[in-house]
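Read the structure below first, then the notes.
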């Protein structure tokens, strides 16, 4: 099971073991060690440190989260991979087999997941079904009961809510299909070069509040960049308000997370009989080593930790939504559904106990009018990034890009819905604050990219046995 950030956590642990030395003199550091020696201590704009996150990750959450993500409710994700790119037409579709996604056959998906949302009591859920049916017809039918008409309007208000940070797929579209995430893991597909660079270039250059005159470090589509441009970029970044600075760091962290996954599940060898997937440490070094990336790699890894903290904080705040007795993780298997809800609540209570949560109260503070405009700009920029995912030419990359973007967008929606969450009814559907099954699945799977315990063990063995052997290019 691929849970990519465990690759990072594992290597961090391995390097800590090597660098501690137990009083012995250590040989000169290697590139593998350099990647992580600078990723320690406190994170910018936070009161949390890397070491606390590592301990919390490795020893308190991993086994339960892994089990939850392997359950039917969280492994099946409905996605439309055929939506056209809204920004340009010249998309080069990846023709490699590893870029393809294998959708589920109808009989492979549990009936409870394929049916209507079934998250509440039977009475409340019947009302939801009527609402969803009426909404698909495009108008509020006057023959419906007054209660249902009111609920339809509330439901539509939710769908058009300014708190939604992503443009979600229309899961009623005939092009939308269920995908088993365990059978379509995120890994290296061979999708790279100018087409992939174009995606990230548009994200960074047009959606991260950056003026064209400021050059981004190590931009593969720009030439002639030097140390002065890097210094100018970070001087500009530090001069931004905390919200815009956080936006950039979240996108950088998401980018780093994806690159960690690609390095973690890399095609090392292919024969007629089998493919051998494994950890390409050379690839990882090229993306994150402090010297090879001129200091940029460690910053990227710290931004990944920042992304983790934001999603962790969102999960701690959304606990009341899942605690309501009517809420179900419905698949049709009553015993399994009850066990999974208990497991979900255990995980969320554990997360709530984390001692150094990110404090989002500094966001959108001050003058209300200016704060409202800034929040709307923040939301629209991120919503635009969610649309850019439909321009990715590799279908497997598009799948995981859409899922992780929706997961982060859901986390942001939660963070800025504190009052709505506090005012939810104790039972029945909540119209003011609501999470769809798509949002729930994407949120937990996006957060779950931090984990892969088995990978951690393997990398520790590699680094411990051969810490100073130059790893050949693969």
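Note: Cβ is positioned from N, Cα and C throughout, glycine not excepted.
Whatever TrEMBL says is automated annotation, not expert-curated.
Lifted from TrEMBL, the feature list:
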- 1-23: signal peptide (SIGNAL)
- 94-99: disulfide bond (DISULFID)
- 187, 189, 200, 252, 255, 287: FAD binding site (BINDING)
- 394: active site, nucleophile (ACT_SITE)
- 394-397: disulfide bond (DISULFID)
- 397: active site (ACT_SITE)
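Residue pair residue 200 (FAD binding site) / residue 394 (active site, nucleophile) shows a Cα separation of 14 Å. Neighbour density at the Cβ, taken as the number of other Cβ atoms within 10 Å, is lowest among the recorded positions 94, 99, 394, 397 for 99. For the pair residue 94 (disulfide bond) and residue 187 (FAD binding site), the Cα-Cα distance reads 15 Å. Taking the C-alpha atom of the residue listed as 'active site, nucleophile' as reference, the shortest distance to any of the recorded positions 99, 187, 189, 255, 287 belongs to 99. Within 10 Å of the C-beta of residue 255 (FAD binding site) we count 18 further C-beta atoms, all protein chains included.
For the binding-site residues given as 189, 252, the lowest number of other CB atoms within 10 Å of the residue's CB is seen at 189.
The number of other CB atoms found within 10 A of the CB of residue 200 (FAD binding site), across every protein chain shown, is 17. Checking Cα-Cα distances from residue 397 (disulfide bond) against the binding-site residues (187, 189, 252, 255) with a 10 Å cut-off leaves 187, 189, in sequence order.
Every protein chain considered, the tally of other Cβ atoms within 10 Å of the Cβ of residue 287 (FAD binding site) stands at 21. Here the candidates are the binding-site residues 187, 189, 252, 255, 287, and by Cα distance the one nearest residue 99 (disulfide bond) turns out to be 189.
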